[in-house]
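Take a look at the structure below.
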Amino acid sequence: MSNVTRKHTALPKAQILIEALPWLTRHNGKTVVIKFGGNAMIDEELKAAFAQDVVFLRHAGLNVVVVHGGGPQISAALDKHGIVSEFKAGLRVTTEDAMDVVRMVLAGQVQRELVGLLNQHGPLAVGLTGEDAHTITATKHRPEIDGELVDIGRVGEITAIDTGAIEALLADGRIPVVSSIARSQDDGHVYNVNADTAAAALAAALGAETLMVLTDVEGLYEDWPNSDEVISRLTASQLEKLLPELSSGMVPKMEGCLHAVRGGVNTARVIDGRVQHSILLEIFTDEGIGTMVVADEKPDAQPQAQSHAQGEPS
Ligand SMILES: Nc1ncnc2c1ncn2[C@@H]1O[C@H](COP(=O)(O)OP(=O)(O)O)[C@@H](O)[C@H]1O
Ligand SMILES: CC(=O)N[C@@H](CCC(=O)OP(=O)(O)O)C(=O)O
């Protein structure tokens, strides 16, 4: 291949990199928390592409924190142990025996695998659970179902986040990979925390710019399961109104997005983790793919928007 031909074939690649510049400039030095859902870990190729995207962001100057799920992997392991999986209010009913399995699968299998994939690109990833260095502290969670508080075992409600260990890792150029297990603040147990909830709490506590939640749907469907119309953007207040209508896995996910945005995170996004390089796709589309949750418009911005609408010809 001649030098001229080489230049011609490389030019579109340079243009593609330049298209990412505004996003990368905006995010340089900022923190992004990426939640990789167990349902999005479909095959080896997808997991490898996820690791490439995360490492790319890290090398592009972002502080990346990975929080991983593993719901289907836990259910499969519980099944092998003859323990039936049951969910209430979108959360796994976690007996003491089940908790051992949850911890083994999340910290011993899923987290180890992701750390391994990331570290194929260099000495970057360090795995930890919420138990380490008091990163996540919880107390027993009793969700309210039909007006009654129910006991769902060793499921934790986050009471405190200590970002010290994660921040030290980020300052050292590492990629923390966090399993959603919490230490107890009062009874010496460990608790199972939904990974969306953990990711959102960490994003808020870290003052992250963005929370990205990778799952197995395109985003939040407007009228699930009847239609596949994805809501592309909604404000915190709009989401709050929608919450009571949501079901199953979307409940902790969207509650988490709301918590993150109300806690100061600029945008929380639910994106389709089944699409290869879905994280990088976000960089190249201004509005992003999937569903984006943003803070409510500032009060002083509203009158302007209203007067503009009023002034329009009917
Ligand atoms: N309104 C909705 N829009 C999209 N998905 C929904 C909605 N309501 C419920 N779901 C369900 O939530 C699931 C995603 O949550 P979950 O299974 O917990 O995934 P993950 O392992 O990624 O956390 C979807 O696969 C879908 O079955
Ligand atoms: C309390 C609770 O439900 N914990 C979750 C933790 C894993 C998780 O959240 O994984 P996904 O993100 O893949 O769903 C569970 O036991 O399944």
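The chain as shown is numbered from 1 upward.
Glycine too: its Cβ is placed from the backbone N, Cα and C atoms.
Binding of substrate is annotated in TrEMBL for G70, G71, N192; the matching candidate from R92, R112, R233 at the same site is R92. Take the recorded positions K35, R92, K253: by the count of other Cβ atoms within 10 Å of each Cβ, the lowest one is R92. Comparing R92 (substrate binding site) with K253 (site 'Transition state stabilizer'), their Cα atoms are 14 Å apart once rounded. Candidates G70, G71, N192 (binding-site residues) were compared with K253 (site 'Transition state stabilizer'); none lies inside 10 Å Cα-Cα. The local packing around G71 (substrate binding site), expressed as other Cβ atoms within 10 Å of its Cβ over all shown chains, amounts to 19. Apart from G70, G71, R92, N192, the substrate site neighbourhood in this chain, defined by C-beta within 8 angstroms of the site C-beta centre, holds G38, G69, I74, S75, T94, V102, V105, L106, S180, N194, A195. Secondary structure at N192 (substrate binding site), as computed by DSSP, is strand. Within 10 Å of the Cβ of G70 (substrate binding site) there are 26 other Cβ atoms, across all protein chains.
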